């Protein structure tokens, strides 16, 4: 199988599935509004590629991108400053933050990060472990290239 095809054309290939797996695939297509099986399969492959890219343990690979979503009690004493200190002290590049007031007690902050997977995940654990943090979820992405 030639995996280094430089042509941007779409390649057709077939996949053999058990009927119950195909039924589940078709249900997901309908549920999520995909226009075809191919669209869903492409998304699943992209997700797996990102997951595998994050699993590669290369401390010099700074191509990882992630969004950390944090919900916290803004009345918690010095929490905001501790979150900022952790961001400044980490080996991760903080590219952007967005802060919104959810209600009179809770804030939501998104932090866009770039760096190696270890440093990004460590930052998530440090912030997530702070007293007053109610939710800290990391959405992983990668800047590796694939053709559409």
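Glycine too: its Cβ is placed from the backbone N, Cα and C atoms.
On a predicted model such as this, the values are computed, not experimentally measured, just so you know.
In Swiss-Prot this protein carries:
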BINDING   88, 99, 101, 107  Ni(2+) binding site
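Annotated features taken from Swiss-Prot, shown on the structure.
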| residue | record | Cβ contacts under 8 Å, 6 or more apart |
| --- | --- | --- |
| 88 | Ni(2+) binding site | none |
| 99 | Ni(2+) binding site | 107, 108, 109 |
| 101 | Ni(2+) binding site | 74, 107 |
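Under the DSSP three-state reduction, residue 88 (Ni(2+) binding site) is assigned to helix.
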